[in-house]
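Only one structure is covered here, and it is reproduced in the block below.
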Amino acid sequence: MQSFALNTIFILISLSYLSIVVSSSKPLNPCNGDFLHTQAYRQMQNQTNTTHCKKLSSLQAQFAWNYHKTSHNQTQLNILIGTKSITNMGWLAWGINPDLPRMVGTRAIIAVKVPNQITPSVNTYNITKDIQLGCKFQPSGIDFMVQNMTVVDDKDVGFFSVFATLVLPQRYNVSSLNHVWQVGYCVDGLEPKMHETSLGNLDSKEVLDLETGDCQNIGQHRRHMRKIHGILNIIGWGTLMPIGVIVARYFKQFPIKLDPCWYYFHYCCQVVGYILGTAGWGLGLFLGHESKYYTFHSHRVLGICIFGFTTLQVTQILAFQFKPTQEDEYRKHWNVYHHFLGYALLVMIPVNIYKGIKLLKPNNITWKWTYNGILVLLGVVVLALEIVTWAIFLYKKCCKKTVEEPSPRRVEIEEDNKGQTKEGSSSRTIEVQE
């Protein structure tokens, strides 16, 4: 049975890895009709007939571009990016990074919109580590020429867009251009303030081939890894381990005794659940390392605690020589310790899974209802077994009381009218309780 479980785990992880590799490079995802009907896109389309347009993977953003080589072997790139996320106040940023697809080191164009402002402002910015440490974020020059920066707030279709023309030196490779985008809703004067730290904001980066429109979507790669992380932990820690607890609680002695089958099933559920959960936990640590500027503290701390507690529990199961025997005077203390960790995990695991699901919003409805269904199913099973347990317990207690209760002894006594017993007098029967 263990070899079957290990083979299943290996196949699951292999298929998940294959899905990541296959989906890491995605073709052009065309823009929708609203963006194609914006005034800014129509003007851009009139300049050239080779404009590419695609939906970006996060923040409801869409991106259009065209380019050509100049006489000095530079690249003139026209870009248009728009989003429906910004209504009254906020900022929209787009930029390219010569080194890696990440925010730090990006040369960005940022448009800022504030209430009661006739024309939103737009400037170039250098995004450095100092900005993430809280330093003031001010416009600055960048290492290539930017012309025709324009902000278009098209209220008819609801798009807030930025257009610009970039003249890129040779160091920027048009076949693998690291570009990033971002949306924020907090502005101090004309200074963009920190954006949200949701996963959508974290995933807003990709490596784009300007010629074909194909991209290596860094965010898509991470989303697949998060799916594997969630599936492994929901199956391992969130399903198999509670099933193991249910088996130990209800099939060890009472109400249904399946000795020693209950132990082997409990053992398999805990070990396989631990292996799957630990694999998901390790993948979560990797994802946390990859997004070092965005840390979800409570989810991370609870995950580490769950890993520590499950390791202690499984170690107790595997290390038979450290487990006290039934006759050992320390056995009752060991039982208290083992049960305390087990029930603590039954509380911590669902809480942390829901915290992880919350991070996936707005695309977390399926995850939430799936895990709700698992918990409801486990809850119904526990409730049914608990009812059976109490019914059997009360029935046996009632039967035992009936068996032990003494029956009254009948004694016939002859009495006369004065209450004295004598021969020939009428008799009556009384019950004497012993």
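Just so you know, glycine gets a Cβ as well, placed from its N, Cα and C.
Per TrEMBL, the features are as follows:
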{"type": "COMPBIAS", "residues": "405-421", "note": "compositional bias 'Basic and acidic residues'"}
{"type": "COMPBIAS", "residues": "422-434", "note": "compositional bias 'Polar residues'"}
{"type": "DOMAIN", "residues": "59-184", "note": "domain 'DOMON'"}
{"type": "DOMAIN", "residues": "191-394", "note": "domain 'Cytochrome b561'"}
{"type": "REGION", "residues": "405-434", "note": "region 'Disordered'"}
{"type": "SIGNAL", "residues": "1-23", "note": "signal peptide"}
{"type": "TRANSMEM", "residues": "230-251", "note": "transmembrane segment"}
{"type": "TRANSMEM", "residues": "263-288", "note": "transmembrane segment"}
{"type": "TRANSMEM", "residues": "300-320", "note": "transmembrane segment"}
{"type": "TRANSMEM", "residues": "340-357", "note": "transmembrane segment"}
{"type": "TRANSMEM", "residues": "369-395", "note": "transmembrane segment"}
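Listed by sequence, the residues of this chain that lie at least six past the ends of the transmembrane segment (369-395) yet keep a Cβ under 8 A from its Cβ atoms are 234, 238-239, 242-243, 246, 249-250, 254-256, 350, 353-354, 357. When the stretches 230-251, 300-320, 340-357 are ranked by Cβ pairs under 8 Å to the transmembrane segment (263-288), first place goes to 230-251. Helix, strand and coil counts from DSSP across the domain 'DOMON' (59-184) read 4 helix, 67 strand, 55 coil. Nonlocal intrachain contacts for the transmembrane segment (230-251), taken as residues 6+ away from its ends with a CB within less than 8 angstroms of a stretch CB, comprise 12, 16, 257-258, 261-262, 265-267, 269-270, 272-281, 283-284, 306, 310, 342, 345-346, 349-350, 353, 356-357, 360, 367, 370-371, 374, 378, 381-382, 385, 389. Per-residue confidence over the domain 'DOMON' (59-184) averages out at a pLDDT of 86.
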